[in-house]
Amino acid sequence: MASISTTTWLYRGQVCTDSGKSSNCIVQRRVKCGFPLKTLHAGITSRDRSLRHCIKCKKEDGDGDVSEGSKKSEEGFEYVTVERHPYHSYMDSTSGKLEPASGARASIPGEDYWPEGTSSRVRAARAPQPAGESSSFPSYGKNPGSRRKKNRKATEENVTVETNDEVSDSEDSSEEEENDSSDGFVTYKNEFEREEEETGFELDKKLGRPHPFIDPTKKKQIEKTLTSDESWWNWRKPEKEQWSRWQRRRPDVETVFLKAMAETGQVKLYGEEPTLTETSLYRARRHLFKEERLQAERERLAKEGPMAFYSEWVKAWKRDTSREAVQKHFEETGEDENTQLIEMFSHQTDREYRIMMGTDIRIKRDPLAMRMREDQIKQIWGGDPVYPTINYIQDPNAVMDFRGPDFHEPTPNMLSYLKENGKVISREMHEALLTKEKTEQLEVPDMDDAMAQAVDIGENDDDEDDADVEKDDEKVPRNWSVLKETPELRTAKPKPKKEGRMSLDEAVDDAENLTDFLMDFEEETDP
């Protein structure tokens, strides 16, 4: 390093001293030391003029800037100022390692990609330290508005700020900043009063503290459960409006649980069936409701004791399970409470154990689900799981429709709904309609001469047989096989013969049963 007599510099892998050759060494830095330094002469060669930019790390006073500016013009160096980051690395909570705060490996995105609210928090964290001294301890939000401009006057009288006469420029600039900041704000008269009013529920809601869902001062208590006809939304029932009847959810996990909670008294419903609004509110808070039930179970276990608490799941245990009986049994036989519990659980069936413990002993069972009735269980888990016939998986994010007054009505039965609208009739009505219908009369047209001549197999060549055939079958019907089975249709009126040329469709209709006639005729003529 440097001694007092001579100064040694290590620059770009070369050692330079003031006594040695200094033509290959360029120094652009001020060194502040506690001992005097000799003047260092730096020579510049033509090779050094084409060097890269020098980076200026910190500003000096104004005189230094002027001299450096002249140096820039003389020596041809361009100074580039780089704003340094407030910190070089930080502890990333995701990876648990030190991450760089800037550069290609930095995991902090730009401000454009920050989530909502991050910019304001960063801006608040970068706020300068207040100049004055606090005369009291912080209230942590208990008296809001205490730091406003109206209340600042009282604290400013007690604060004495020591200023230094030497730094006059910084004083002027700070005064100008204070004036600018005071001029930039507008204070309304009722702002302080509004801040004072925000206490309790409003303040908790604003600051994000835990608060009830509805303001306790404005919440109306439910006196009694109303029927569906007495509810306020049922004031007018449309006669033929069918869409609202389908707004009721089918009984699934949420509706059945909510109705069971209303039966146990944990919540109160406005009607007989839970509405869509009540179901969505329960879905958002079902974890809190379960925690309430588990807390009630823990309190009951501490109050009654484990013997009385767990005897609910051992039906075969008929002894007294009160605390007095357990203590008396301990005094008589010397068996403590754990031994009596083991004795009681030895009488527990497999089904009772599965209901009490569930599939995983680490997961606390829901007391409401453990004590559900059989009909409630069938409403949730009934039917075929492969092809569900009772309960279907419903969309939890379905958009609710509150247009009608009776959206809370239960879903109607599909068959009765179709019967009401005349879309479906019963089997008895169908058979009655069939008996009333007349038998359809089939019209038998005359056979054309050309068609009769075309049907000739050639087996009967005798003239006598031909004459008999002409007498018997003077009028050959079109659907011969049908007339053979139902001879009463032969008396029907013949179809009027069309004159003139026939279209293609009419010709096809006229000859549709020709093949049937030929096949039937062939069966009769077989030997």
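Note: Cβ is positioned from N, Cα and C throughout, glycine not excepted.
Per Swiss-Prot, transit peptide is recorded for 1-30, and the stated evidence type is sequence analysis. Per Swiss-Prot, the feature region 'Disordered' maps to 89-188, 458-527. Taken from Swiss-Prot, the feature compositional bias 'Acidic residues' covers 163-181, 458-471, 506-527. The feature motif 'Nuclear localization signal 1' is assigned by Swiss-Prot to 204-211. Annotation source Swiss-Prot lists motif 'Nuclear localization signal 2' at 235-242, citing sequence analysis. Annotation source Swiss-Prot lists region 'PHYA-interacting region 2 (PIR2)' at 252-352.
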DSSP residue counts for the motif 'Nuclear localization signal 1' (204-211), split into helix, strand and coil: 4 helix, 0 strand, 4 coil
Stretch-averaged pLDDT - the motif 'Nuclear localization signal 2' (235-242): 54
DSSP residue counts for the region 'PHYA-interacting region 2 (PIR2)' (252-352), split into helix, strand and coil: 71 helix, 0 strand, 30 coil
